[in-house]
Amino acid sequence: MSERTLVLLKPDAVRRGLIGEITRRIESKADWAVKAMELRTLDRSTLEQHYAEHVGKPFYEPLMEFMASGPSVAMVVEGERVIEGVRALAGPTDPIAAAPGSIRGDFGTVVRENLIHASDSAESAERELKIFSPTSDDAPLTRHQSSGP
Ligand code: RTP
Ligand code: MG
């Protein structure tokens with residue numbers, strides 16, 4: 001079933017020049033498509049809504065500070081089982097526990113600075129897409145066959 005998810009490339013991913021690498025992995029999956037994309041430094045109010053479930057946890061304040069420390073890329077990705085699928089590409093929260101081949105497993109070492117956020121359920125996706133609402137271009141996506149040399 002085709003669905004939409006919210007993906008954030010966190011400030012560490014942007015600082016380290018990994019926007020292209022991570023986006024490539026997502027975009028390469030058959031029939032998944034980036035429907036909206038925006039680079040911006042997330043403000044406190046957006047982050048409070050986004051991470052409301054973690055208020056009061058010991059990692060909450062450092063997480064908020066990290067997430068506001070520089071620009072993130074917010075994107076809407078659409079496709080078959082994309083919610084579960086991007087979580088699988090990302091790997092578990094702790095990058096040391098994440099298998100090589102996953103985004104966190106290949107590029108991360110620190111739990112907080114784990115490169116990517118992806119909605120964890122249909123309910124989260126619906127909620128988070130409303131918070132970020134990057135402008136979506138709903139024109140049908142035409143994939144052109146490259147006619148290279
Ligand atoms: P996310 O929400 O960012 O997609 O990540 P997640 O579902 O894998 O992890 P979650 O438990 O929702 O935690 C949100 C983010 O908080 C940071 N974190 N730090 N013990 C810690 O220092 C700790 N635990 C979590 C991570 O950046 C995590 O992605
Ligand atoms: Mg989460």
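In case you wondered, yes, glycine gets a Cβ from its N, Cα and C as well.
Record features (TrEMBL):
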type: ACT_SITE; residues: H117; note: active site, pros-phosphohistidine intermediate
type: BINDING; residues: K10, F59, R87, T93, R104, N114; note: ATP binding site
type: DOMAIN; residues: 2-140; note: domain 'Nucleoside diphosphate kinase-like'
Exercise for review: Could you give me the DSSP helix, strand and coil counts for the domain 'Nucleoside diphosphate kinase-like' (2-140)?
Suggested key: 57 helix, 30 strand, 52 coil
**Study point:** Model confidence over the domain 'Nucleoside diphosphate kinase-like' (2-140) (mean pLDDT, whole number)
**Key:** 95
Study note, to complete from the structure: So H117 (active site, pros-phosphohistidine intermediate), by the Cβ count within 10 Å over all chains shown, scores 22
**Study point:** Pairwise CA distance, T93 (ATP binding site) versus the residue listed as 'active site, pros-phosphohistidine intermediate', rounded so that it is a whole Å
**Key:** 9
**Study point:** Cβ packing number for K10 (ATP binding site), 10 Å threshold
**Key:** 25
**Study point:** Alpha-carbon distance [the residue listed as 'active site, pros-phosphohistidine intermediate'; K10 (ATP binding site)] in Å
**Key:** 7
